[in-house]
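Features reported for this protein in TrEMBL:
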- 1-198: region 'Disordered' (REGION)
- 21-32: compositional bias 'Basic and acidic residues' (COMPBIAS)
- 53-65: compositional bias 'Acidic residues' (COMPBIAS)
- 86-99: compositional bias 'Basic residues' (COMPBIAS)
- 124-220: domain 'Casein kinase substrate phosphoprotein PP28' (DOMAIN)
- 125-137: compositional bias 'Polar residues' (COMPBIAS)
- 157-198: compositional bias 'Basic and acidic residues' (COMPBIAS)
- 208-227: region 'Disordered' (REGION)
Amino acid sequence: MAPRGRGGKFSKPSRGGGKHFSRDLVGTDKEGNQMGMWREPQDKIESSGDEGSSSEEESSEESSEDESKPIESSTAAGTREERRAAAKAKKAAAMKKRNQGPAQPGDLPPSDSEESDDEALPANPNHTAKSRSQTQKPVAGSDSEPEAAPAAKKPAAKKDISQLSRREREAVQAQQARERYQKLHAEGKTDEAKSDLARLAVIREQREAERQRKLAEKEEKDEQAKERAEIALEREHRMRLAAAGKLSKKAGGKKK
């Protein structure tokens, strides 16, 4: 249990307090007297005087504004004409740029300083007509195709093997030997090709023999099925004849 302290239960702290919402609803004047809820006549007179002075001030301000309006209108007209001229020049520059077509590689970006100055700037030596043509797709029937056709027809010049190093020479010889072997193998002149052909022939013979065997088995099964069907029909026929003879005998015995 918490200690109570020196005062005990009779020294509890007081918090908050009463609420006085309705206090000082009515204001007081400069002398401290309580004012009524309605405005006094003298206040109306003073307010009317204040309104008159404010109207005089407004009229004086309006007159000063009217005097300054001609100057401002003249300057505004001047700036308006300048803005129109600038907008017209900007529109003309945009139309000129649009008529020039799309920008090409190597073209410098246009700017206002370049339009105003007529000094020729040095071109980029790396950006030439040839480099521009490389970025574009070749058009059918263009002049660049006849020049490219002879270059494509020219065979690649073979290097002299004697001028190559030992490793390069061995690599070239191995490649040539591989190509010759592949050509002979395709013609069936190599030992590997001959063995492959012999193995294929044996496989074909085995497949043919298997096919003939299966065909013979099928024919034999069909023949056996046919014989069984004939035997069954014959048995059924005999049973029918026997049944018919028994019936005739029974009928003859009843008549006697």
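Glycine is treated like the rest: Cβ placed from N, Cα and C.
If you look at the compositional bias 'Basic and acidic residues' (157-198), there are no same-chain residues 6 or more away from its ends with a CB under 8 A from one of its CBs. The helix, strand and coil residue counts that DSSP assigns across the compositional bias 'Basic residues' (86-99) are 14 helix, 0 strand, 0 coil.
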